[in-house]
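Structure incoming, see below.
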């Protein structure tokens with residue numbers, strides 16, 4: 001058995017964490033021979049609920065779970081971390097402007113970035129899930145200057161999985177038969193789900209999704225809006241936001257960081273845009289197609305970008321630049 005790794009989940013008393021913690025504890029994310037010390041952080045009023053989650057994790061009797069620590073203190077939570085999964089954020093309330101949401105979360109992620117800087121290992125991998133995820137991730141990254149920027153990523157894998165699922169449903173295949181969809185940009189309704197480089201396995205052969213579907217108007221219209229608005233559709237139907245699917249996407253994202261991506265496949269994640277080959281301005285936290293090897297991501301190069309894609313990619317970059325500007329105004333005045 002290897003040495004235990006310390007994994008933090010914030011917002012640990014919440015819905016997404018409840019669907020996520022078992023998968024981390026049972027070896028589905030870091031492997032079946034990797035012991036884990038699981039650290040659960042939430043705000044003080046949630047500590048009663050968190051105690052219940054702690055009891056349940058103990059009652060799972062998971063052999064890989066060497067210890068579970070529930071806390072509301074950042075110095076305890078962020079100490080010596082190998083992985084930080086930042087799920088907790090201020091949720092959007094009725095009548096709340098996106099700007100107000102940004103303001104509340106900038107404060108949270110500035111503090112958490114500073115705590116990572118102060119207490120965590122410099123090699124820590126940080127995954128931001130709490131919305132607005134891209135800008136929250138950028139804020140945390142800026143607040144932890146001695147941790148490499150490349151160690152920060154935000155979750156767009158849920159959008160990626162949603163796009164795969166829509167294509168699979170349309171073609172009557174399983175999601176596993178679809179690969180190399182791309183989510184460009186922000187984890188918001190401006191994101192651009194792009195299947196112009198995606199492949200699907202049909203009758204034992206790999207074909208391009210556009211060739212397989214022969215329905216350009218659906219792919220350039222309804223498909224994109226369905227993926228963009230899927231989160232809202234789940235809330236409308238379930239009266240709660242996506243939790244099971246979000247937790248599964250977090251597992252996929254973190255597992256790929258840990259073990260790498262399969263040969264010939266790429267995945268989507270929000271990463272720092274510096275030096276990217278697709279004309280996205282530097283210093284944004286933007287979702288790109290990446291391959292991962294030795295726990296290090298690399299943006300997939302050489303993909304042709306048509307005018308349709310260019311326009312959509314620029315639109316979501318513009319939104320991210322505006323979010324960043326708003327967030328950093330708050331940061332400098334905080």
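A Cβ is built for glycine as well, from the same backbone N, Cα and C atoms used for every other residue.
The N-acetylserine annotation in Swiss-Prot covers 2, and the record cites similarity to another entry as its basis. Per Swiss-Prot, the feature NAD(+) binding site maps to 11, 12, 13, 14, 15, 16, 17, 42, 105, 112, 129, 130, 131. The feature substrate binding site is assigned by Swiss-Prot to 92, 98, 131, 162. If you look up Swiss-Prot, you'll see 118, 121, 298 marked as N6-acetyllysine, on the strength of similarity to another entry. Feature annotation from Swiss-Prot assigns active site, proton acceptor to 187. For 214, 298, 318 (among others), the entry in Swiss-Prot reads N6-succinyllysine, with the evidence type similarity to another entry. The phosphoserine annotation in Swiss-Prot covers 217, 241, 309, 332 (among others) and is backed by similarity to another entry. The omega-N-methylarginine annotation in Swiss-Prot covers 230.
Describe the structural surroundings of these features, if you would.
Taken residue by residue with DSSP, residue 2 (N-acetylserine) is part of neither helix nor strand, so it is coil. Cβ neighbours of residue 2 (N-acetylserine) (same chain, under 8 Å, six or more residues apart in sequence): 33, 34, 35.
When Cβ atoms from all protein chains are considered, those within 10 Å of residue 13 (NAD(+) binding site) total 23, not counting its own. Secondary structure at residue 13 (NAD(+) binding site), taken from DSSP and collapsed to helix, strand or coil, is coil.
Residue 92 (substrate binding site) is surrounded by 16 other CB atoms, counting those within 10 A of its CB over all protein chains shown. In the three-state DSSP scheme, residue 92 (substrate binding site) is classed as coil.
Long-range Cβ proximity for residue 118 (N6-acetyllysine), meaning a same-chain Cβ under 8 A and a gap of 6 or more residues, is found for 75, 78. Secondary structure from DSSP puts residue 118 (N6-acetyllysine) in a helix.
The Cβ of residue 121 (N6-acetyllysine) lies under 8 Å from the Cβ of 80, 81, 82, each of which sits 6+ residues away along the same chain.
The Cβ of residue 187 (active site, proton acceptor) lies under 8 Å from the Cβ of 131, 132, 133, 134, 154, 155, 156, 158, 159, 270, 287, each on the same chain and at least six residues away in sequence.
Its Cβ taken as reference, residue 214 (N6-succinyllysine) is surrounded by 8 other Cβ atoms within 10 Å in the chains shown.
Under the three-state DSSP scheme, residue 217 (phosphoserine) falls in the helix class. Counting every protein chain shown, the number of other Cβ atoms lying within 10 Å of the Cβ of residue 217 (phosphoserine) is 8.
Under DSSP, residue 230 (omega-N-methylarginine) is assigned to a helix (H, G or I) in the three-state scheme. Around residue 230 (omega-N-methylarginine), the same-chain residues six or more apart in sequence whose CB sits under 8 Å from its CB are 159, 162, 242, listed in sequence order.
Reduced to three states, the DSSP call for residue 241 (phosphoserine) is coil.
All chains included, 14 other C-beta atoms sit within 10 angstroms of the C-beta of residue 298 (N6-acetyllysine).
Following the DSSP three-state reduction, the secondary structure of residue 309 (phosphoserine) is helix. Around the Cβ of residue 309 (phosphoserine), a 10 Å sphere holds 19 further Cβ atoms from the protein chains shown.
Around residue 318 (N6-succinyllysine), no same-chain residue at least 6 positions away in sequence has a Cβ under 8 Å from its Cβ.
Summarising the environment of residue 332 (phosphoserine), the number of other Cβ atoms within 10 Å of its Cβ, over all protein chains shown, is 7.
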Using a 10 Å cut-off on Cβ-Cβ distances across all protein chains shown, tell me which of the recorded positions (15, 131, 241) has the largest neighbour count.
131
Can you give me the Cα-Cα distance between residue 217 (phosphoserine) and residue 309 (phosphoserine) in Å, rounded to a whole number?
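That comes out at 14 Å between the alpha carbons.
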What's the number of neighbouring CB atoms sitting within 10 A of the CB on residue 129 (NAD(+) binding site)?
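The answer is 28.
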List which of the recorded positions 92, 98, 309 have their Cα within 10 Å of the Cα of residue 17 (NAD(+) binding site), in sequence order.
none
For the NAD(+) site as recorded (11, 12, 13, 14, 15, 16, 17, 42, 105, 112, 129, 130, 131), determine the largest distance between any two Cα atoms, in Å, rounded to the nearest integer.
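Looking at 11, 12, 13, 14, 15, 16, 17, 42, 105, 112, 129, 130, 131 as a set, their Cα atoms extend up to 20 Å apart.
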For the substrate binding site, please report the maximum Cα-Cα distance among 92, 98, 131, 162 in Å.
23
